[in-house]
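Feature annotations, reproduced from TrEMBL:
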ACT_SITE  A:K211  active site, N6-AMP-lysine intermediate
BINDING   A:E209, A:R216, A:R231, A:E260, A:F300, A:R372, A:K378  ATP binding site
DOMAIN    A:292-412  domain 'ATP-dependent DNA ligase family profile'
Amino acid sequence: MLLIDVVRVSEAVARTPARLGKIGHLAELLGRVGPGEAEIAIAYLSGELPQRQIGVGWRSLQDLPGPKLAATATLTDVDALLTKIKSVSGQGSQAARKALVHELFAGLTSQEQAFMLKLLGGELRQGALDGVMIEAVAKASGAPSADVRRALTLRGWLPAVGAAALAGGVPRLKEFRLEVGRPVSPMLAGSAPGVAAALAKAGAPAALEWKLDGIRVQAHRSGSEVRVFTRTLDDLTSRVPELVEAVLALPVEDAVLDGEVIALRPDGRPHPFQVTAARTGSKIDVDRLRAETPLSVFFFDALRVEGADLLDLPYAARQERLAATVPPPLLTPRLVTDDVAEAERFFAEVVKAGHEGLVVKALSSPYAAGRRGAGWIKVKPRHTLDLVVLAAEWGHGRREGRLSNLHLGARDPETGGFVMLGKTFKGLTDELLAWQTERFLALADGPTTEWTVHVRPELVVEVAFDGVQRSPRYPGGMALRFARVLRYRPDKRAEDADTVGTVRALMI
DNA sequence: TTCCGACAGTGGGGTCGCAAT
DNA sequence: ATTGCGACCCCACTATCGGAA
């Protein structure tokens, strides 16, 4: 199949707003792709590469050669070149990689170049990712989408699942099973503004588990072999020896467990997330780091124990198997209750202990991987500040032509100026985007670049955030974590905004 | 007919490893 | 030694479609 065929379908999908329409376009193409190229087509059309990452980002995509006139590149040709690009590493590799990227683009028409640019830049934005592609694979293969979804849960990679479905339908999909050593798509949590709302969603009684601010881990053990995977199914094994040892010490030969690793201080309170991230992100000199910043692990689910798959069992039954497998110090603290007041007390307790919050879990829900359903609901405390808008950046995609991303500042009473604490684009409705674009242009003042409009510091905005973290980037040495706009405060002036001192007092 | 669950899009801060400067 | 880039960790929120109620 030619690349141009895929490009045309991608463009049609992007033009079609209706999901069913997108699915129709995708399924039509999947119906005519050959078995050798199905995986490539599915990957490209869901914005991914069969190679996953190839070490080429936006910077490596500058200064590309001009287009060819005739579209002759096949999917196989392009795939082979991408594999070659990925395989290049070592001294002088950047020049070699650049030459190969050059070669790739020189063989494409301008239409194909535009597509590859977006695909490699991770910005395909055609309104179809895994969720839509699952339906397209189902339609093209004749298999129920539930079977496709189930296979994806167990395999974690849709192009492989889709190719199998197209080649062999339901029987081939049924061959995907939970395998020790191969990661499963992890179950994710939705969110609720408070404990009571979360209990209402999950249905009482529900289980409340501590939410630890660390790294999600899926641990697989088969005999003396242990492997650990992250939320995105990357292998983390070599970076977390403590976890490997803990799993090897369990009284089972065969298990798949879900949990969180976190760096705790000697007094048992958690380090800031940055400390855990730095520790789990390092693969050099892990033994030395381990002595300085040991990791603890807390498990909260069991997907398989001694040959028995537990995914379809209700939460309560999985908990029983977990408790029978893992010693109490390695279990995530939890409480089962239907009493809102008791739940609120538990929430206050976990926050006081320095942790992130709670995850509220329905007792009956199976391990529904990959979807943020109502089975698990997270609850976190929320801070707010009144900050001053210092500048705004032009948006992209559906926010094109609107000033979108706000630069937020706290008042500095000593200098009379403002100290930038970070940016946010979250919480803005279309109406608010239109309003602020107009307002900011009227307030424009100071240096204005291609992307940024600086404004007179007059508008006060109420911002919610999860915490204040140490920052190497911003002048105050601190930044807001997960900042989002709640509302503008036309009733407040810049002199009424919160000060740097207030923010500093919130830093961990 | 209305409601609501699932999805895609729009980006945020921080850290590491690696290659180039 | 320092810097820039790419890849991953953590993530919140709104708009929209289409099936459920």
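Quick reminder: no glycine exception, Cβ is built from N, Cα and C everywhere.
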Helix, strand or coil at A:R231 (ATP binding site) [DSSP, three-state]: coil
Neighbour count (Cβ, 10 Å) for A:K378 (ATP binding site): 18
Secondary structure content, the domain 'ATP-dependent DNA ligase family profile' (A:292-412) (per DSSP, counts of residues): 31 helix, 52 strand, 38 coil
Surrounding CB atoms that lie within 10 Å of the CB of A:F300 (ATP binding site), all protein chains: 25
Cβ neighbour count (within 10 Å, all chains shown) around A:E260 (ATP binding site): 21
Rounded mean pLDDT for the residues that make up the domain 'ATP-dependent DNA ligase family profile' (A:292-412): 93
Structural state of A:E260 (ATP binding site), classified by DSSP into three states: strand
Largest tally of Cβ atoms lying within 10 Å of a Cβ, found at which of the recorded positions A:K211, A:R216, A:R231: A:K211
A:E209 (ATP binding site) CB neighbourhood, other CB atoms within 10 A: 25
Rounded inter-Cα distance in Å - A:K211 (active site, N6-AMP-lysine intermediate), A:K378 (ATP binding site): 8
